[in-house]
Amino acid sequence: MLTAAVSRLHPPRCDPGRLCSGPTPGQQAFLLFGFAFLVIGAGGIRPCNLAFGADQFDPRTEDGRKGINSFFNLYYFTFNLAMMISATLIIYVQSNVSWSVGLAIPAVLMFFSCAFFFLGSRTYVKVRPEGSPFSSIAQVLVAAFRKRRLKLPDDHPEESLLDPPHLSSSLISRLSYTNQFRILDKAAIVTPEDEIKPDGYAADPWQLCTLQQVEQVKCIVRIIPVWSTGILYQLAATQQQTYVIFQALQSNRHLGRSNFQIPAASFVVFPMLGMSLWIPIYDRIVAPRLERITKKEGGLTLLQRMGIGLVLSVAVMTTAGVIEERRRSHALRHHRTVGVTTNGGAVSPFSSLWLIPPLILLGVSEAFNVISQVEFYYKQFPENMRSIAGSLLFCGFALGGYLSSLMVTVVHRSTGRGQSRNWLAEDLNKGRLDLFYYSIAVLGVLNLVYFAACAKWYRYKA
């Protein structure tokens with residue numbers, strides 16, 4: 001906000017016909033300093049607020065479990081509502097009123113957010129941390145490597161593993177033994193050289209770990225394949241919301257015969273709208289009815305909901321490809337355009353309203369997949385690693401963004417050489433964005449098959 005409000009913190013006004021001067025090193029450094037605060041703040045809030053919010057419910061009661069399920073839906077409902085306001089009202093104020101006012105509004109809202117957070121501090125449920133989860137993971141890996149030559153008994157191997165009484169003072173649950181990744185079990189094999197303390201724990205945790213520690217690491221290893229499917233899923237969401245703006249610019253954005261045109265950038269709001277509309281419908285109407293039919297909490301398992309989201313993402317990209325094919329066909333074959341873009345591309349008479357249905361469907365897809373991912377990580381990660389679980393989704397978003405950029409680069413280089421037509425040409429009428437969408441749909445199908453294999457192999461935490 002200060003970079004816009006204080007004249008010394010930004011370059012002077014750039015008048016038409018005059019040479020513009022760029023920012024000074026000091027102005028640039030101040031701006032980057034603000035970005036650094038943004039990154040640190042988001043890195044602290046986003047992984048923790050989901051886990052902290054869900055910790056306010058007692059998972060040992062039926063009402064508490066229902067509260068946790070509704071909390072994730074409500075969180076993403078309000079999150080999308082805030083994003084929609086930011087992408088419409090706040091951007092309008094910044095563009096048409098004042099950048100200073102437009103940036104001051106979220107700054108003031110964050111001030112009130114901090115005030116409300118600290119005012120309610122005395123009423124929060126605060127689960128006490130019990131050691132570093134990273135050191136516990138490292139201990140299991142080191143101990144398993146040191147004892148890699150030991151042999152586990154074929155029958156009831158858990159009986160030969162160190163399993164002291166569970167003494168957790170918080171809500172960290174005792175995990176049952178699973179027969180997956182048995183190589184990690186070697187970290188808990190008791191040998192004559194191992195020293196056991198009176199409380200039943202090992203004197204050297206880097207030499208001997210407990211069964212609880214081993215099972216916690218197994219939980220993480222089981223989750224990673226499922227998490228990786230979310231990276232490819234994010235590819236579809238990123239590309240659809242990026243190129244739809246360019247599609248809108250080369251489509252007829254008039255509402256009927258009026259002179260009003262839908263701003264191209266506003267189309268990114270429709271996935272948020274689709275998610276915001278579907279979440280309360282599913283949470284209050286669909287889920288309770290499914291529960292009576294399937295006898296499962298939430299109506300469907302988390303992996304089933306994630307799978308539905310993946311199926312819908314394939315449908316989104318396929319539909320988007322068909323619509324883009326029609327838009328381009330109207331521009332090229334009908335020889336009737338409604339204008340020209342700044343890059344010289346003809347504006348198709350094809351109505352931009354056709355771009356909305358796949359965007360709404362994308363929002364519904366995210367409601368199934370993304371929200372289920374968050375709930376899945378929260379419930380399946382060990383309780384002392386829930387802040388790590390909260391960060392896993394955003395790490396997937398980041399990697400999906402990098403993968404998206406890589407795919408765009410590969411397509412540019414492979415289809416833009418020689419006489420071949422660049423699929424992602426600046427003028428979409430000269431490109432083949434529809435083939436690009438179909439390619440992402442094919443990757444989505446492959447990702448769906450991979451997810452189905454991971455889901456069948458996965459064992460829920462007991």
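Placement of Cβ uses the backbone N, Cα and C atoms for every residue, glycine included.
Those TrEMBL annotations? Automatic predictions, nothing curated.
When Cβ-Cβ distances below 8 Å are used as the criterion, the transmembrane segment (29-52) is approached by residues 2-3, 9, 23, 72, 75, 124, 374, 378, 386-391, 394 of the same chain, each at least six residues removed from its ends. Sequence annotations record features per position, and here TrEMBL assigns transmembrane segment to 29-52 (among others).
The transmembrane segment feature in TrEMBL is assigned to 73-93 (among others).
Per TrEMBL, the feature transmembrane segment maps to 99-119 (among others).
If you look up TrEMBL, you'll see 262-282 (among others) marked as transmembrane segment.
Through the fold, the transmembrane segment (302-323) approaches residues 226, 229, 233, 236-237, 239-240, 244, 354-355, 357-358, 361-362, 364-373, 375-376, 379, 434-435, 437-438, 440-441, 444-445, 447-448, 451-452, 455, 458 of its own chain, all at least 6 residues removed from its boundaries and within a Cβ separation under 8 Å. The transmembrane segment feature in TrEMBL is assigned to 302-323 (among others).
The transmembrane segment feature in TrEMBL is assigned to 388-415 (among others). Panel annotation: around the transmembrane segment (388-415), residues 43, 46-51, 133, 223, 227, 230-235, 237-239, 242, 370, 373-374, 377-378, 380-381, 421-424, 432, 436, 439-440 of the same chain, lying at least six beyond its termini, place a Cβ under 8 Å from a Cβ of the stretch.
Annotation source TrEMBL lists transmembrane segment at 435-458 (among others).
Across 73-93, 99-119, 435-458, the stretch most heavily in contact with the transmembrane segment (262-282), judged by Cβ pairs under 8 Å, is 73-93.
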